[in-house]
């Protein structure tokens, strides 16, 4: 009788723990997803309005932003290392170590940007060395010398986001990004085209808008950290000048593999675009649209991946082995479930989704849709497997495990994904579909290997409780 009673009590308790974790993951993850979608809206607005100026200006902005984004992304990897350290300390109730990790993350964002500015200031030389058109490179350099100043506030914001996410204050991240998206759209319109008495600055106006937008987001988050009750107790900006070298180098140790992993993934898509360009211009256009659609869908698992970093880190800090299991699997399940819903949409109306990016009066539109539909079908599968690999990586990052996952990702992306894409496209003559099958296969293998590593976390000594 005693056994029956204890079992009847244990089951609801276990179930309630899983539901509680699910709710916590959604509360943390959904605002992050929204913030990332708002950031995509900022990028899309810039491209749209610069595109109205002409093809040369659009090409220049694309070149400039590709260089900017690659360098910015490498810096992002370092400041994202704040999350596992700060969330683990948060799980312990250790305010001091949350502050140490967060403050040094902010330091690193400023130091990294200072070095990055040297490269960005000489962007024209870099672009010319890469064989780009001199006229386009000159315009890109003028734009880059303005927009590069947005890296200071934008990486600082990324570090603040890592801190705020670690203490489960992600809602402000969403609202700050939404406000920034609105400010950016208004400034783009006014400064690029010279409305309401402002001078017509063209592409340079877009650069100024980006800097002001990044500063606005930074001011909002800094003010929140100063005035919001929970955030204020960590005193991140109190004696900000005081160095903490052990925390500084711990962030660098965890951060460089994250940076390399992010750059490797960007390189994967650059390689895919290069191979697609070998096939044809229309195929490249169809590929670009499929990548855009996949990029929007990718914001969902990326949000859950960041939520997993924090929830796993908090569970680890409070010494809760079962909590680590729940946090990892809940984030993964939500990513798969929502990914499957998105996949159904991709399969049901691929031509409609593609047509949003095309002018129906363009004579090439029908061919681009025809070429793009099978890519969007493959992207439906790709969406789910990409979600698995990014969330699995986030779960391991929550355990401060970054080096081996980086090696796994590089193998999956570059040793398997890129060569397989080439073989499928050109040896087996699958064309554009072959490139996407190769990409999906590389990401699938990466995800499976990362999941296996999470499953074997105890045997591998990855779990440090308390």
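Yeah, the Cβs are placed from backbone N, Cα and C, and that goes for glycine too.
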Candidate ranges 202-227, 228-253 [criterion: TrEMBL lists as transmembrane segment]: 202-227
Stretch-level contact, the transmembrane segment (285-309) and the transmembrane segment (202-227), CB cutoff 8 A, at least 3 pairs: no
Within-chain partners of the transmembrane segment (258-279) [C-beta distance under 8 Å, separation at least 6 from its ends]: 69-70, 73-78, 80-81, 287-288, 291, 393, 397, 402, 405-406, 409-410, 413-414, 417-418, 421-422, 425-426, 431-432, 435-436, 439, 442
Beyond the flanks of the transmembrane segment (434-454) by at least 6 residues, Cβ under 8 Å: 268, 272, 275-276, 287, 290, 328, 332, 375, 378-379, 381-382, 385-386, 388-389, 392-393, 395-396, 401, 404-405, 408-409, 411-413, 416-426, 428, 460, 462
Spatial neighbours of the transmembrane segment (329-349) far in sequence, C-beta under 8 Å, 6+ residues away: 18, 21-22, 25-26, 29, 293, 297, 300-301, 304-305, 307-308, 311, 376-377, 379-381, 383-384, 387-388, 390-392, 394-395, 451
Other parts of the chain folded back onto the transmembrane segment (202-227), taken as Cβ under 8 Å at six or more residues beyond its ends: 42, 46, 49-50, 53, 57, 60-61, 139, 142-144, 146-147, 149-150, 152-154, 156-157, 160-161, 163-164, 169, 172-173, 175-177, 179-180, 183-184, 187-188, 190-194, 234, 236-237
